[in-house]
């Protein structure tokens, strides 16, 4: 050919050359200068027009390339633009086709990448202070370039396979020829196809060379950046370790700096800082409370007391004019009494303690469409919703109530206290400890059947016995009674009110808990706080406790006001924080308690109090000077593998262990609960439905009998003449409440093995 051959097309390079373009039927094909660059094919009348006049441009990302014959091909983007082009030879046409296909593949890849990450990069270049952003943009740009080179290699590979196959066919046909007249045409065809294969191979080689060169040029830079990032990470880890040590040192130095609830001085005031354990705060405001409660200014704070208080007795400092929280006993004696309170030596046990189980079958992993069940339950009472056992844990609510006794040692120590204020600290710690088992327990306990019981006989192990009974079904209510040889009695009646609000579940325990000590005749009572289960539909379930508790000694008038701070994303306080203050009947503060309901509690003796400066909202804060905080309760570690056993504690693992001699109504004998523990969930669901339907039939029969027995039943009344088996409803003169109290007879019936009076509920 008279003109020099254009260079072999290389992926990513600009490709130029002359082609004939169809104009109209009068002028036919006209010679035009075509330029292929950045996925765009443009043409000009002459090369001189490239600087000022472009006659047309087509985007190859959306274009279709079709070959008509040996020299002609068509480029169209769907009808709006169509170029009918003709090359001077088949080899020239193939060079253009190769370049066009490479450019199209690159344009399509770049367009898809731009659609996926178009919003990730800023439209303006980053400032000098955004070195990390510039580096990220550079890396992204390099990765896109390397990605486009890989796409070019893939395209070249496809073309090599295509032209290699065609060349192989031509060679096979050439070998099969026997007529010498056709030899010339076949040789020409083989020569052209060999040329096409060489062109495509050269393009592949050039693309590989470009990719290798680009990768080598960035390899050293990336290695340097990697070493820099590693060094920076090591420096950050060292800095964090130093900060952690400093934080730990400061925390030990200022252990007493505790934020106390603003409503301490008058517990009957409003519950601005969370949902009260007693109140009827609206669930609709829960979200606001969770985020706003911790923003209230602190009205009470504590600071370490002057060291002189550690060396002087109470009589030596009683002459200070400012208010002090001291009693008649000396400071040192009182501190040691509360901190240690050692147990008296126990006689050796002649009878070996029963070995209890330490494992249950692992929880199976069954899939369940949660939303298909929950979408029809919004706004309903949880106890009235039929739930599959997939949401449960293999324990009943009666057994969960018995778990409150896991830290019974606190009550044993409280029974030995000489001071009612000391005793109050232990009772308050016991109140908080009952929530420690709930932090990971997202499973719902089985609703007990009416008349169901659960005994926890730890007389030989721990010195106490416990009995629970379901005394009402609608509303569900359970009565609990525990008696210890160490001189205390615990009784409670809990009714659960729960509402499902779509994104969270609120559980409001109603009723009171009472603790009586034989030696001092002190009578304590308190209520439980609200439990909230978050992320019911989407996300990982997590549990929070929030509200306020007033532990009241009805004999002396002492009071402990505890506040369970609701979780707040914006709070700098430790999560699950609990704070409290112990006061006497005159409102004088004596002890401060602080800690978390899932880990531990500490107490501090108040040595002096004074009025501090005003807070952010003009409220005057009281500053308590306290002695060094000491631990009063710490959570027991979970057993090994607890995450596969419903996060049960060591005590919870033993609650459903089969035992001989228990009542036929005991939760251990409940078949659906037993099947779930053994992993037979389908059978457990069927059995659960059978038991619930049996209970409905018994309830309807009891209501019919009650209506017949009533001479003039009220219209719309809901009669229920059920009488509890082991409990009776009495008025408590100390607290002024009416609750179910244990009337006796259970343990005697167990010794005699006489359960004839027990109803058949399973």
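In case you wondered, yes, glycine gets a Cβ from its N, Cα and C as well.
Checked against TrEMBL, the range among 265-289, 290-314, 315-339, 340-364 recorded as region 'Disordered' is 265-289. TrEMBL tags one of the stretches 635-657, 658-680, 681-703 as region 'Disordered', and that stretch is 658-680. TrEMBL lists region 'Disordered' at one of the ranges 92-113, 114-135, 136-157, namely 114-135. Segment annotation: TrEMBL labels coiled coil over residues 226-253 (candidates 198-225, 226-253, 366-393).
The DSSP breakdown of the domain 'PH' (12-105) into helical (H, G, I), extended (E, B) and coil residues amounts to 24 helix, 43 strand, 27 coil.
The residues of the compositional bias 'Basic and acidic residues' (666-680), classed with DSSP into helix (H, G, I), strand (E, B) and coil, number 10 helix, 1 strand, 4 coil. Across the residues of the coiled coil (226-253), the predicted structure has a mean pLDDT of 77.
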